[in-house]
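To start, the structure under review is shown below, and the notes come after it.
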Amino acid sequence: MEECWVTEIANGSKDGLDSNPMKDYMILSGPQKTAVAVLCTLLGLLSALENVAVLYLILSSHQLRRKPSYLFIGSLAGADFLASVVFACSFVNFHVFHGVDSKAVFLLKIGSVTMTFTASVGSLLLTAIDRYLCLRYPPSYKALLTRGRALVTLGIMWVLSALVSYLPLMGWTCCPRPCSELFPLIPNDYLLSWLLFIAFLFSGIIYTYGHVLWKAHQHVASLSGHQDRQVPGMARMRLDVRLAKTLGLVLAVLLICWFPVLALMAHSLATTLSDQVKKAFAFCSMLCLINSMVNPVIYALRSGEIRSSAHHCLAHWKKCVRGLGSEAKEEAPRSSVTETEADGKITPWPDSRDLDLSDC
């Protein structure tokens, strides 16, 4: 297989780009290359910054990083950050600059892109399962899903994502057989296997979200039957309804961003694609990048504890900047004491519990 790849590249170098086997996948015109470069750079940079911010807020808070719910959200943010960086760089290098790497490097890049997006979907599935357990078994939730079990589950998910994604690098390639219409060196049988795996993850997400939304419906019915008297757990039930709406929103965004890409991948298995369809696939692929950009926005807006953590960080940085601006040496000790006292008085936003994603 290595000889096949080397021979094709060597022949391409002799006859020019027209004979390069990778040229069939480099189908963008000049204006389209510019559009892809601009969109990938902006979306990738914004997505990376957002996800880094979410990761920092979770890891810098002792309270958040001990909760399984936020471990799953942190895993999602980490996967989306890696996806933003790896996908944007690899996509622009290939489609805009026509960069051709060695077989091992190319398969490493495409495997890394596949792994990060697969881990992102896997993290969403674990988040959905976490919400289901919270709503289905509220009394025993904390004993059922401990921090240790959450970490073990995340480790298994990441290892499985890496194993599935790096199979082409381990030898499952198409050379010398015909490759996929959309991905160099990737055989159609591997693409079909990956599509089935992703379909399994999506099915799990939809099935779990369905139970979450049904549980929310039951809470609404319970609320309507106890309007005239105070019932313990009422606030929790209202919270669960909002959580269900949040998960429904995440699911809708996930399907909108992923369905076009997955549909074109499945279509490529059944027929030969024209250059127009390949160009459409290239632009639809950036919808996955948009999904990575939207995920932290949804969680930042919905999670009261993350917003409270951001409020603490901003207040702390603001006071640090003010402290650095103090020129009088005799004012330094008093300024430090004042800042410490002010930090101790900072309280979460009044509505932080209303949208808390992990209040189970």
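Any Cβ shown, glycine's included, is placed from N, Cα and C.
What you are looking at is a predicted structure, and each value in this text was computed from that prediction instead of being measured.
Annotated compositional bias 'Basic and acidic residues' per Swiss-Prot: 351-360, in sequence order.
Marked as N-linked glycosylation site by Swiss-Prot: ASN11.
As annotated by Swiss-Prot, phosphoserine applies to SER335 (among others), with the evidence given as similarity to another entry.
Swiss-Prot lists SER336 (among others) with the feature phosphoserine.
The phosphothreonine annotation in Swiss-Prot covers THR338, and the record cites similarity to another entry as its basis.
Summarising the annotation, Swiss-Prot assigns phosphoserine to SER352 (among others) and lists experimental evidence as the type of evidence.
According to Swiss-Prot, the feature region 'Disordered' maps to 327-360.
According to Swiss-Prot, the topological domain 'Extracellular' annotation covers 1-33 (among others), on the basis of sequence analysis. For the topological domain 'Extracellular' (1-33), the model's pLDDT averages out at 62.
Secondary structure of the topological domain 'Cytoplasmic' (60-71), assigned with DSSP and counted as helix (H, G, I), strand (E, B) and coil, comes to 7 helix, 0 strand, 5 coil. The topological domain 'Cytoplasmic' annotation in Swiss-Prot covers 60-71 (among others).
The annotation topological domain 'Extracellular' is assigned in Swiss-Prot to 93-104 (among others).
The topological domain 'Cytoplasmic' annotation in Swiss-Prot covers 130-149 (among others).
Swiss-Prot lists 173-188 (among others) with the feature topological domain 'Extracellular', giving sequence analysis as the kind of evidence. For the topological domain 'Extracellular' (173-188), the number of residues in each DSSP class (helix H, G, I; strand E, B; coil) is 1 helix, 0 strand, 15 coil.
Residues or ranges marked as topological domain 'Cytoplasmic' in Swiss-Prot (evidence: sequence analysis): 215-246 (among others).
Summarising the annotation, Swiss-Prot assigns topological domain 'Extracellular' to 268-279 (among others) and lists sequence analysis as the type of evidence.
If you look up Swiss-Prot, you'll see 302-360 (among others) marked as topological domain 'Cytoplasmic'.
Annotated transmembrane segment per Swiss-Prot: 34-59 (among others), in sequence order, evidence recorded as sequence analysis.
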Any contact, the transmembrane segment (105-129) to the transmembrane segment (34-59), with at least 3 Cβ pairs under 8 A: no
Cβ contacts under 8 Å made by the transmembrane segment (247-267) with residues that lie 6+ beyond its boundaries: 121, 124, 127-128, 131, 182, 191, 195, 198-199, 202, 205-206, 209, 212-213, 273, 277, 280-281, 284-285, 287-288, 290-291, 294-295, 298
